[in-house]
Protein chains: 2
Amino acid sequence: MQRAICLAKRGHFTTSPNPRVGCVIALNGEIVGEGFHKKAGQGHAEVHALKQAGSKAKGATAYVTLEPCSHFGLTPPCAEALIKAQVSHVIAAMVDPNPKVSGRGLELLAAAGITTQFGLLEQDAIALNPGFIQLMTKKLPYVRCKLAASLDGKTAMASGESQWITSPDARADVQRLRAQSCAVICGAESVIFDDARMNVRWDALGTLKNSYAEADVRQPVRIIIDGKNRLTPDLAIFKTTSKILLIRHAIEKSQTWPHFVEQVTISKAVDSEYVDLSLLLAYLAQQGLNDILIESGAKLAGAFINANLVDELVLYQAPKLIGSDGKSLVSMPTIIKLSEAKILDIRDVRMVGKDIRITAKFSQ
Amino acid sequence: MQRAICLAKRGHFTTSPNPRVGCVIALNGEIVGEGFHKKAGQGHAEVHALKQAGSKAKGATAYVTLEPCSHFGLTPPCAEALIKAQVSHVIAAMVDPNPKVSGRGLELLAAAGITTQFGLLEQDAIALNPGFIQLMTKKLPYVRCKLAASLDGKTAMASGESQWITSPDARADVQRLRAQSCAVICGAESVIFDDARMNVRWDALGTLKNSYAEADVRQPVRIIIDGKNRLTPDLAIFKTTSKILLIRHAIEKSQTWPHFVEQVTISKAVDSEYVDLSLLLAYLAQQGLNDILIESGAKLAGAFINANLVDELVLYQAPKLIGSDGKSLVSMPTIIKLSEAKILDIRDVRMVGKDIRITAKFSQ
């Protein structure tokens, strides 16, 4: 199963919105076939592994990181393929997170006389697909918020100078975060003032370039929150061809946008200057965008965090001290008691070049 | 030598202002004697090791983490003891950092026909005694600044509520920092508003209690910067018996202080509300206080950092977000360009309970 999980990770940057899945087929303690899911519309992990195993699949054990599917999607159901190949045992790390079909794949296999089990390395399997699982169980995307600051939590000088507070290594790491996400959310201000393009630049992916080809780069959908209709088609971001959703209160008809730009109306929140952020996330979930990265300034990030809409914080800290006059990392309404502070649970801390990267989950 | 360095660490909380030193005596590849320096006035590492080795020291090799001393201090010179015991080889990890006596111990040994070497695991030996070495080479103490904040660099709510932003584990870790320091510096405000006592509480030392006895706890000298003569003898800190230096511009004669309180006058800095902090550190160096911990609020810490007087930052980060209205970690004069930010070099990052501890050195 460990091997199957390693295989699943090969699809880290390419499968979404589909889940990352790996499969190993073993006969008499020897691996006879293995595979992983690479891209939506292409073969599932089980299909690749069965093809490799050929006739050796008969009587073998299949280890799969996710319960084999029981329904026709873009490809035929994997449970049927396993039955046809006459495997003896199927061990799934986890059952399908979709409550409507959960367990159906294993039932189909059991009905055909195959021994089934699940739960082996379940936590590792869950960690492969936070977005896919959250969409299935909560009908919401998994939301990561990326922030970067000095050790004392400042993002910029009082003067406003801020670009490149972190090192090139940290910025390459952010490219990796983008590359694994279905969509990136930013505010109109970043697009206007930083002239940000918010796309994945293959040449900025560092060592990742060794493990997947430029043609396999899947650009995340770029979502720009522009409640005040401030954006104009001449900005740099609209010169880069990949899907953009312009989130506005009302559609602006006087401007002509490139074909990859779509205006979406979301009503304004009662208590904020932004569109209703929960409505926005519900809309994105409907679009199948299950793994979302927020890359924004202190105000928009603070609004998402304050509304408890963020699952995970990825914080890059540059080894610098800027002092109390610098600009703060997160804007949130004044809290009076320490018990009102947002609480997180640190999951990972490591160096990325000279910077520290902290990954933490919000306690909700 | 690795064993000698491990032994030296046993004196981590007790030797200062003396250096931490370990010694191993080996004959034919077998350890025949070992020792470490425990406390000023007590036997040096070499003396303990020679005593244990007895007659087996003859012809043996002595590994010492610091060049054996050549002068009479509180105890007789170790170089002579090694000569008398007729060891054949002496390997020192580093020479004495005091430029006036550096190399003299090894010369004395060589003159007696003993083979000498130095430089083995030198970096590890240097790391044992940052305070001792800095005092010898720069006539200044090694200064650590401890700070604690939320992930977004806030130390308190806008309301002022702040106590216990970090976890009990982090606070026990701070007790360890105190226990290893010659002196702790704080401002009058912490003493007045937090009623801080700034001493080492043995029962708060956690697992450290297993490795040294309550009687061995060496209380750091408590240094309170009180330029405005605001402190009065009734405060909690003056009820705890261990040395206090009250740093003021002028001695206040109308008040009666306990016997362990000494008033020291240091002139006021030209450009700050505090006493001249470089003069203060030079004074502390003269007193032999070589390893100093600053535990203060944002203003005093910022004044030390801004004057480039801090060697090391120890930052505890609680997994919380407080928002932009919280109080900032470090007050420093407004800087205009990012290139004026204080730059650090991260040396260690680890979890302390649920909090993160970052240790970083200032680039100077």
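Cβ from N, Cα, C; glycine included.
Fair warning: this is a prediction, and the values are worked out from it, not measured in the lab.
Record features, source TrEMBL:
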ACT_SITE  A:Glu46  active site, proton donor
BINDING   A:His44, A:Cys69, A:Cys78  Zn(2+) binding site
BINDING   A:Ala148, A:Trp164, A:Asp194, A:Gly297, A:Ala298, A:Lys299, A:Leu300, A:Ala301, A:Gly302, A:Ala303  NADP(+) binding site
BINDING   A:Ser162, A:Arg178, A:Arg201, A:Glu295  substrate binding site
DOMAIN    A:1-116  domain 'CMP/dCMP-type deaminase'
Helix, strand and coil totals (DSSP H, G, I; E, B; other) for the domain 'CMP/dCMP-type deaminase' (A:1-116):
36 helix, 23 strand, 57 coil
Spatial neighbour of A:Ala298 (NADP(+) binding site) that is closest, considering only the binding-site residues A:His44, A:Cys78, A:Arg178, A:Arg201 and their CA atoms:
A:Arg178
Inside 10 Å of the Cβ of A:Arg178 (substrate binding site), count up the other Cβ atoms and send me the figure.
23
Would you mind listing, in sequence order, any of the binding-site residues A:Cys69, A:Arg178, A:Leu300, A:Gly302 that have a CB less than 8 A from a CB of chain B?
A:Gly302
Work out the three-state DSSP category of A:Glu295 (substrate binding site).
strand
Identify, among the binding-site residues A:His44, A:Arg201, the residue whose Cβ has the fewest other Cβ atoms within 10 Å in this structure.
A:Arg201
Going by C-alpha distance, which of the recorded positions A:Glu46, A:Asp194, A:Arg201, A:Glu295, A:Gly302 is nearest to A:Cys69 (Zn(2+) binding site)?
A:Glu46
Between A:Leu300 (NADP(+) binding site) and A:Arg178 (substrate binding site), find the distance joining the two CA atoms and give it rounded to the nearest Å.
18
Binding-site residues listed as A:Ala148, A:Leu300, least Cβ neighbours within 10 Å:
A:Ala148
Please give me the CB contact count at 10 A for A:Cys69 (Zn(2+) binding site), counting all chains in the structure.
24
Measure from the CA atom of A:Asp194 (NADP(+) binding site) to the CA atom of A:Arg201 (substrate binding site) and give the result in Å, rounded to a whole number.
17
Below 8 Å Cβ to Cβ and six or more residues apart, same chain only. Which residues does that give for A:Cys78 (Zn(2+) binding site)?
A:His44, A:Ala45, A:Glu46, A:Val47, A:Val64, A:Pro68, A:Cys69, A:Gly105
